[in-house]
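Database features (TrEMBL):
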type    : residues               : note
BINDING : H151, H215, H286, H491 : Fe cation binding site
Amino acid sequence: GQLPTWLQGILLRNGPGMHTIGDSKYNHWFDGLALLHSFTFKNGEVYYRSKYLRSDTYNCNIEANRIVVSEFGTMAYPDPCKNIFAKAFSYLSHTIPEFTDNCLINIMKAGDEFYATGETNFIRKINPQTLETLEKVDYNKYVAVNLATSHPHYDSAGNVLNMGTSIVDKGKTKYLLFRIPSSVPEQEKKKSCFKHLEVVCSIPSRSLLHPSYYHSFGITENYIIFIEQPFRLDIVKMATAYIRGVSWASCLAYNKDDKTWFHFIDRKTKKEVSTKFYTDAMVYFHHINAYEEDGHIVFDIIAYTDNSLYDMFYLKNLGKDFEENVKLTSIPACKRFVVPLQCDKDAVVDSNLVTLPSTATAVKEKDGNIYCQPEILCEGIELPRINYGYNGKKYKYVFATEVQWSPVPTKIAKFNTQTKEMLHWGQDDCWPSEPIFVPSPDAKEEDDGVVLTCVVKSDPKDPPFLLVLDAKTFTELGRAIVNVEMHMDLHGMFIPQQDVKPRTE
């Protein structure tokens, strides 16, 4: 096929790549050592490269020729040949775990630098052109967080907004929203933007020892949306996991009888909206988008009725027949919540306060809390992306992978949230990755541009390829076949040519 001449830049992808080191194997697919890969678009041609992230975790494991650094689903133990004192010391040092820097989930832009990110307090700077691993950044030096999301947001000035969990810091467990500026003052040019990181606000956890797990958060023009779900980390179990010989993942528990609480933080005042909004128990990983309309916040997420998704990716479940054997017990649903922020204080108890045309409801209860029920927009999509120019604004289109009962994507979908129409791209034996939308330079409409996805073939003899679709019609413009073994990945970003610094190597 043919690529549009304007498509110039680098598509960066990140995900787990190596699951066996020496004689040791990871238990979970999300534990594998991070593998970065890139597709560089230049004058109608595509160049591919891949490289393992040379994290401290990678280096220690490769040097020992076995897994020596614990990951979320795999607890690593010291060499059995070590003497008893060294062993005892290792056990003690794991109570507040030193987390891994195997940043395998996403790519983040801060200032004009790029970082591989996971969900711990460590991120690794990378060179987007050579995929070389550069310095390690510890968020904890700048803000008291032990965990952070790998789905930050960017405001119009390019500042990064992200959230992290501060575990039992000064006797409190809280969720911190922080901002990393896109540039530093002229006189401090040598300093990193992290030195100017500021905490925007903190939200106390409903439980000191059971903070909620979260993978992303939402943002509108005036508000930050944080969902505190009943899928929680047990801190005491986590501190003793090493001694008990279990993984940190076993310290996550979902309580289906609990509530899911919504927090809305005013971006100007940095204060939380005082009204309490909640919905039924659910598990979510990905926010799609959010916006404000007539005194309401409208936000779209992909949610499940249980936490089975994580369990499916244990490697013992991913054998040769796993497409048949591994079935989701809860299909992901694209849920739209409509929350009336400007609601009448004298509204009648049990009345629905939503005045927008939607089947979503928000019902006032006797105690003043507001119980929200969503509108189901569609089912069976995951890894959602939008035209980021519409982030926090009223929008139409979601680009996503399509999953039915199996957790492995078999198609790419474009969903219109207003008309509920869905377009698909799919071919036999193809497993596409998260689709990334790239707007055309003179775009007039939300879907003017292309969608990029890496496609892995289920038959190892067939080569993988990069697929370029016209975002409007969802027809194929071209594909670049890559004669290497490529892995399914998680997330990534497109870096336009003008954002790539000149090569220094």
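Every residue gets a Cβ built from N, Cα and C, even glycine.
Note: the Fe cation site is recorded as H151, H215, H286, H491; in the same chain, I105, N106, T149, S150, S216, F285, H287 also have Cβ atoms within 8 Å of that site's Cβ centroid. For the binding-site residues listed here (H151, H215, H491), the lowest count of other CB atoms within 10 A around the CB belongs to H215. Sequence-distant contacts of H286 (Fe cation binding site), defined as residues of its own chain at least six apart whose C-beta falls under 8 angstroms from its C-beta, comprise H151, H215, S216, I301, I302, E382, L383, P384.
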